[in-house]
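Pulled from TrEMBL:
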DOMAIN    23-181  domain 'Nose resistant-to-fluoxetine protein N-terminal'
TRANSMEM  190-209  transmembrane segment
TRANSMEM  262-282  transmembrane segment
TRANSMEM  302-326  transmembrane segment
TRANSMEM  346-363  transmembrane segment
TRANSMEM  408-430  transmembrane segment
TRANSMEM  437-460  transmembrane segment
TRANSMEM  544-565  transmembrane segment
TRANSMEM  585-603  transmembrane segment
Amino acid sequence: MVNSLYRDFLPSFIRTSGDTKLSSPCMSSMLKLIFEIRKLKTWAIRMIDAMAKPPSGILEGTLMDLGAYDECVNINVRSGRNGNGKKELFRGKYCLIEAKPPLPQKPEHVASNTLVINESLFDNNIFSEMSRSAHYFYYLTFMFGVCVPSTCNDEDVGEIVKNVESFLFSKTSVSSCHVKEPVRLSESQIAVICVLAIFGLLVVVGTILDLTKIYDIAPNAVRWIDNHKKTIQYFLAFSIYSNGKQLFDLTQRPGDVSALHGIRFITMTWIILCHTYAWAPLIGFRSLYNLRNSQEDLAFEVILNGWISVDTFFFLSGILVAYITLRRLTKSNGKMNFGLYLFHRYWRLTPPMMMAISLVILMEGLGSGPLWDLQVRDEAERCKKSWWSNLLYITNWRAYEQRCLSHLWYLCVDMQLHIISLLIVIPLFWKPVVGFVVIFLLVTGSNIAVGMITVINTYFPTMMHLAPDLVVNQKLERDIYWKPYGHLGPYCIGIITGYLLLHHRDVIIRPSGPSGEKWQIRGKEICVGCKAYGLINSILSWKIFLPLGRLTYSAYLFHYVIFWVRNGLQRERRNFSHFERSFDFFGYLTLTMALALCAYLLFEAPFAALEKLLFFQLRQQQDDVKTRLATEKSGLSFCHWKKSNAKTNIVLKKMSFTTEINNGHCGVGETQVNDNVNSIRTVFNNGHCGVGGIRVGDTDDSIWEYFANAIKIGSQRKHFFEINSTAKTFEVSQSQTLIPESSADSTELFSTRESTESTVQRSTETISFVKNSVTYENTTNIMPTKSIPELWLQAEKNSKELITSLYRSILPDLVRRSGEMKITDQCMSSLLKLIFGIKRLKSWSIRMIDSTAKMPSGFLEGTIMALGAYDECLNIKVLNRNEDKEAFRGKYCLIEGKLLLPEKPKRVSAKTFVINDSMFDSSSSQIDKF
């Protein structure tokens with residue numbers, strides 16, 4: 001069989017190799033591979049076995065076959081006749097290839113029912129069906145893995161795959177290549193390890209000192225600790241024992257809004273559930289049509305609308321800002337230290353966030369996989385260049401490709417709103433009417449800004465999850481969703497609620513924010529959609545939510561890492577179903593909370609304790625001094641507001657206890673407020689709950705037609721042929737992550753989009769696009785000799801010619817064998833109908849072949865099962881000629897196969913040989929052992 005394939009393949013290879021510009025080492029290794037396959041050498045067969053094969057279910061949206069990554073990179077070819085020499089010739093090199101079918105210039109907006117290829121061009125066959133889904137390839141690609149000798153560089157691999165572009169009917173590019181090498185840590189990774197080691201040492205020392213003091217292990221050591229108390233207390237801030245005890249303290253103190261802990265944790269689980277669907281690479285699933293169809297389920301609305309939950313947290317932050325800050329201003333007679341107000345927020349958020357960024361940089365070289373570069377390495381490279389923007393909380397204003405850890409946009413917006421809150425809270429304290437006017441102006445201005453940006457850029461009215469126009473979604477995120485003016489409304493409503501809560505504790509408030517959440521506030525209890533009493537309040541106030549709620553900030557920061565590692569280590573396609581996604585969700589949730597526990601004990605809790613040690617006493621002394629000076633000075637000082645008259649608009653009952661309001665992370669304001677006449681301590685610990693952006697996919701025609709400039713479906717085909725006779729497609733590997741470099745610049749976030757006409761006029765220019773920190777030059781002239789419709793028609797013609805050629809070869813043998821098969825007449829009739837349907841490229845017949853299993857990659861590594869496309873097969877329905885009656889349906893059968901083996905010995909161990917490998921050439925002994 002191999003010799004027969006060589007007779008057909010070798011002349012074509014020699015002819016093609018003359019036109020291929022390969023380096024000499026690569027050409028030498030490729031020739032060695034070809035001739036060693038003929039000899040059935042183990043390493044050569046493994047290299048072929050590791051390559052991707054056409055997957056089953058392509059027509060159902062299975063766009064990826066990764067091959068056998070580990071089998072490829074473990075190949076080591078050495079000198080010598082039997083490959084046991086000392087010199088290494090080359091290794092296996094795994095490369096991930098991307099392929100995209102030719103498409104016309106992307107329309108301004110693309111909906112799920114947009115047609116970019118006219119289906120009437122084809123003869124009612126599989127190409128007609130493919131043309132209806134062609135628009136999805138503006139942001140999706142085919143991906144497959146190949147295994148080549150390591151002597152071939154990336155340019156050589158690109159030259160090799162270009163030779164199969166016409167066969168694949170796609171434009172190909174090399175995404176990434178991997179060779180097995182020893183792990184080499186970079187300077188930045190070594191620095192991260194050193195920082196982690198220092199923190200680990202501080203934790204060990206602090207814990208030992210803490211346990212020694214508490215349990216009086218060594219009297220001399222205890223006396224030494226007491227003598228150096230001021231210094232030792234800084235080490236005790238890192239004690240796992242004390243921080244863990246504080247974390248798991250289930251005491252609910254008077255004044256504690258206990259329901260908030262439940263709200264935080266439940267919302268965090270909602271976020272992780274949404275990201276379980278949203279952050280998995282789409283091409284990593286088999287049968288993407290199942291994912292698309294799942295959006296029609298009512299239960300899936302929980303996922304589609306998950307992105308709006310972020311506004312509830314901005315609402316809660318506004319409540320805490322108003323309540324805490326106004327209460328503090330009242331106690332200090334209008335004096336406020338702006339520096340500490342802002343520094344507290346910065347101190348609490350920044351150290352854990354920087355540790356999350358450091359962990360991403362450290363992970364870069366600690367794993368491998370076909371998708372590792374796309375999922376982990378690219379993000380780590382961005383973090384190396386842009387970490388400082390997170391430190392300054394300006395990441396949400398930078399270009400998309402310059403952002404490190406995109407989910408940290410929430411912290412940037414929250415910090416920016418925290419600064420803006422000073423413009424509201426101070427007037428609200430001195431002149432409430434002026435404060436409400438400021439709120440009205442800010443909310444009105446933000447709504448006008450959002451509306452104008454949406455209309456000018458013709459954005460969707462909401463985030464469109466899984467929409468085929470990913471570029472528009474990214475621009476919508478960049479211009480609205482990741483900006484503070486997009487969330488200023490619910491934040492200001494929260495401030496109003498906090499003000500009223502402080503003044504009117506018995507009033508029930510039901511504010512409705514832009515995202516539609518309903519909240520009720522009565523006294524100190526907050527609940528969603530109902531009064532904070534009864535069953536719901538009991539559930540949300542369950543004590544187990546106290547420690548879980550305190551971990552939500554670290555969980556939000558580090559859950560991204562779990563997703564990245566999972567996706568980067570992926571070796572095989574995943575099956576999409578709600579059950580499997582739910583199963584993954586519980587795994588993500590468990591690992592996220594475990595990692596959050598470590599982060600809380602190592603970074604978050606110690607820095608919170610250090611803040612109290614460093615600044616609490618100083619702030620208390622400053623407050624006492626400035627209170628005495630309050631009656632002597634008036635007006636505005638550098639850091640403090642002070643009333644000119646002694647009468648205050650906000651009257652609080654005199655308290656005989658200390659109220660310490662520790663707002664944690666999600667709330668805003670000063671950490672502690674003290675009456676200095678205290679007997680009871682009340683802790684209002686809100687913690688932090690961020691939320692990522694989950695896009696909402698809504699393909700309703702009424703929404704699409706809402707935009708005046710949208711392309712109407714009814715006139716699109718005619719318009720297509722009018723403008724696309726000269727249209728070209730982008731020469732890029734993944735259009736779904738492409739953003740024009742000019743529009744991605746932070747200085748042009750509000751610029752008016754270019755019209756379709758101007759885009760067509762610039763079709764001959766060279767435009768720079770940025771994808772995952774890699775710049776691609778787009779000449780918009782992918783196939784200059786033919787128009788896009790002509791290319792599709794040529795592909796249809798080539799497919800028919802290929803099938804005709806195969807029929808000439810196999811049909812005589814098939815007819816001869818059919819006479820020997822004992823099958824029913826009905827089955828024979830259906831098989832003949834299938835055979836001739838394939839020749840005419842009928843959709844149902846091609847789907848039947850597509851759903852049939854193919855040889856899996858990694859067979860020599862133990863991959864011995866290929867299930868095909870079960871759902872695609874069962875959904876096939878074939879009508880008779882008149883199409884008024886069902887002829888037959890697809891029938892899925894699972895076939896078992898076994899190698900021919902002698903009778904089983906009494907005992908079989910891992911080293912048992914049942915076939916004598918000396919019977920064969922040593923080149924194939926590895927295969928026979930398997």
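Placed from the backbone N, Cα and C atoms, the Cβ positions cover glycine too.
What TrEMBL says about a protein is an automatic prediction, not a curated fact.
The average pLDDT the prediction assigns to the domain 'Nose resistant-to-fluoxetine protein N-terminal' (23-181) is 87.
The stretches the transmembrane segment (262-282) and the transmembrane segment (408-430) are not in mutual contact, being linked by fewer than three Cβ pairs under 8 Å (pairs 6 or more apart in sequence). For the transmembrane segment (346-363), the residues of the chain that approach it from at least six positions outside its boundaries are 188-189, 192-193, 195-196, 376, 379-380, 383-384, 387, 390-391, 404-405, 408, 411, 415, 553-554, 557-558, 560-561, 564-565, 599, 602-604, 607-608, 611, 664-665, 671, 688, judged by C-beta separation under 8 angstroms. With a cut-off of 8 Å on Cβ pairs spaced 6 or more residues apart, the transmembrane segment (408-430) and the transmembrane segment (437-460) reach 3 or more such pairs and are scored as touching.
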